[in-house]
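If you look up TrEMBL, you'll see 1-188 marked as region 'Phosphopantothenoylcysteine decarboxylase'. Taken from TrEMBL, the feature domain 'Flavoprotein' covers 5-177. According to TrEMBL, the feature active site, proton donor maps to Cys157. The domain 'DNA/pantothenate metabolism flavoprotein C-terminal' annotation in TrEMBL covers 184-394. Annotation comment: TrEMBL describes 189-398 as region 'Phosphopantothenate--cysteine ligase'. Marked as CTP binding site by TrEMBL: Asp276, Lys286, Pro304, Asp305, Ile306, Leu307, Phe324, Lys338, Lys342.
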Amino acid sequence: MLAGKRILLIVGGGIAAFKSLDLIRRLRERGATVTPVLTKASEEFVTPLSTSALAGQKVYRDLFDLTDEAEMGHIELSRAANLVVVAPATADLMAKMTAGLANDLASTLLMATDKRVLIAPAMNVRMWEHPATQRNLATLQGDGILTVGPDVGDMACGEHGPGRMSEPLAIVDAVEAALADGPLKGKHVLVTSGPTHEPIDPVRYIANRSSGAQGTAIARSLAALGADVTFITGPADVSPPSGVKVVKVQTAREMKDAVDAALPADAAVFAAAVADWRVENASGSKMKKDGSGKAPALEFAENPDILAGVSQLKKGRPKLVVGFAAETDDVEANATAKRKRKGCDWIVANDVSPETGIMGGSENAVSVISDQGTEVWPRLSKDQVAAKLAKRIAGALA
Ligand code: CTP
């Protein structure tokens with residue numbers, strides 16, 4: 001529920017703007033107050049009259065509207081909300097946000113706000129996949145901007161692919177996650193997830209079978225309990241959850257840097273399947289067969305152990321550090337030893353033998369090992385494991 005919450009909704013100029021009218025309706029159904037802001041371009045798609053009628057509120061349009069400035073300055077407008085939502089977030093608006101431009105009301109509000117910002121990108125598939133947009137997305141996510149979507153599907157321009165704005169109800173879910181009032185409100189939790197890719201040369205890499213499903217579910221459950229989540233993910237199969245700060249990395253060393261940059265945190269959950277080794281003699285150009293029939297010799301170097309590093313921090317250690325132990329034999333004994341060796345508070349142990357179907361599957365059977373002993377959980381969906389773990393974390397941080 002969003003009762004009593006105030007949303008500043010910036011509508012960008014794209015065909016998906018018509019869905020923003022439904023979004024206003026859905027947000028209000030849940031009790032939110034919606035203050036709409038239209039850009040010049042969005043007025044080509046929706047009218048100020050229909051927007052204001054649905055919002056039951058005045059629509060803000062122009063930075064230099066002196067009446068508005070007299071009533072409520074743009075600084076105040078940007079801060080009176082609990083959350084700023086940009087839907088649709090066009091390529092142009094994303095670029096403005098990345099560059100820090102403030103040349104109209106929407107971009108000025110986005111620069112002036114001290115509240116969290118959630119964007120729902122929508123654009124043509126080629127514009128979405130353009131390196132400039134992907135660069136901007138990574139920068140915005142790194143700045144803590146929350147994202148929802150885009151979805152994959154047919155687009156108004158006749159093409160198919162990622163770029164459709166998320167459906168209004170999915171955006172409402174992301175708004176609720178971003179504003180969740182739960183036992184973890186005010187707590188910063190970092191979560192690592194997914195595999196890492198360790199390059200051999202520019203086209204080949206060493207990876208593992210982690211899909212990122214469990215780490216993603218954990219981040220989503222923590223956010224649903226109100227936590228401020230930094231989600232550091234390797235190249236996973238599943239999309240990151242909405243309502244969290246996403247940092248995308250490729251290698252173990254990049255993951256370590258991202259974790260260091262995200263600290264301090266109240267709790268840290270290390271669900272990533274980090275490669276233990278990287279190729280030390282990785283080639284800067286594609287390795288070629290030389291005709292001799294001899295395979296190239298790869299030399300390996302050990303990657304930093306991110307979990308152990310954080311667990312053993314003398315200063316600034318999170319209050320609760322949770323590791324995972326992916327084992328194929330003697331699961332409990334190995335995981336218990338791993339907890340001691342790494343110095344974390346809890347280890348979530350799972351059997352990743354191929355016959356369990358856990359790695360890459362939708363279920364998980366885990367034991368949680370702490371200084372209180374071992375708790376064996378039944379086989380549950382990864383979402384259920386995540387919800388149970390998030391609740392346990394909330395209990396430990398209370
Ligand atoms: N981990 C990490 N950094 C690494 C390796 C592992 O942070 N370089 C974390 C994982 O995210 C997980 C835990 O350590 O939380 C255990 O990972 P696992 O692969 O089970 O253990 P390893 O340390 O790789 O030990 P081993 O290979 O001996 O089982």
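Cβ atoms are placed via backbone N, Cα and C, with glycine included.
Unlike curated entries, TrEMBL annotations are predicted automatically.
All features noted in TrEMBL, drawn onto the structure.
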residue: Cys157; record: active site, proton donor; Cβ contacts under 8 Å, 6 or more apart: Ile15, Asn124
residue: Asp276; record: CTP binding site; Cβ contacts under 8 Å, 6 or more apart: Glu302, Asn303
residue: Pro304; record: CTP binding site; Cβ contacts under 8 Å, 6 or more apart: Ala252, Arg253, Lys256
residue: Ile306; record: CTP binding site; Cβ contacts under 8 Å, 6 or more apart: Thr192, Ala252, Met255, Lys256, Val259, Phe270, Ala272, Val274
residue: Phe324; record: CTP binding site; Cβ contacts under 8 Å, 6 or more apart: Gln214, Phe270, Ala271, Ile347, Val348, Ala349, Asn350
residue: Lys342; record: CTP binding site; Cβ contacts under 8 Å, 6 or more apart: Asp305, Leu307, Ala308, Ser311, Gln312, Gly323
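Annotation note: Phe324 (CTP binding site) sits in a strand segment as assigned by DSSP. Only Asp276, Phe324, in sequence order, out of the recorded positions Cys157, Asp276, Phe324 have a CB under 6 Å from ligand 1. Look at Lys342 (CTP binding site): DSSP puts it in a helix. The secondary structure of Asp276 (CTP binding site), as reduced to three states from DSSP, is coil rather than helix or strand. If you average pLDDT over the region 'Phosphopantothenate--cysteine ligase' (189-398) in this model, you get 94. Residues Asp276, Lys286, Pro304, Asp305, Ile306, Leu307, Phe324, Lys338, Lys342 are recorded as binding CTP; their most distant pair of Cα atoms lies 37 Å apart. According to DSSP, Cys157 (active site, proton donor) is assigned to coil rather than to any helix or strand.
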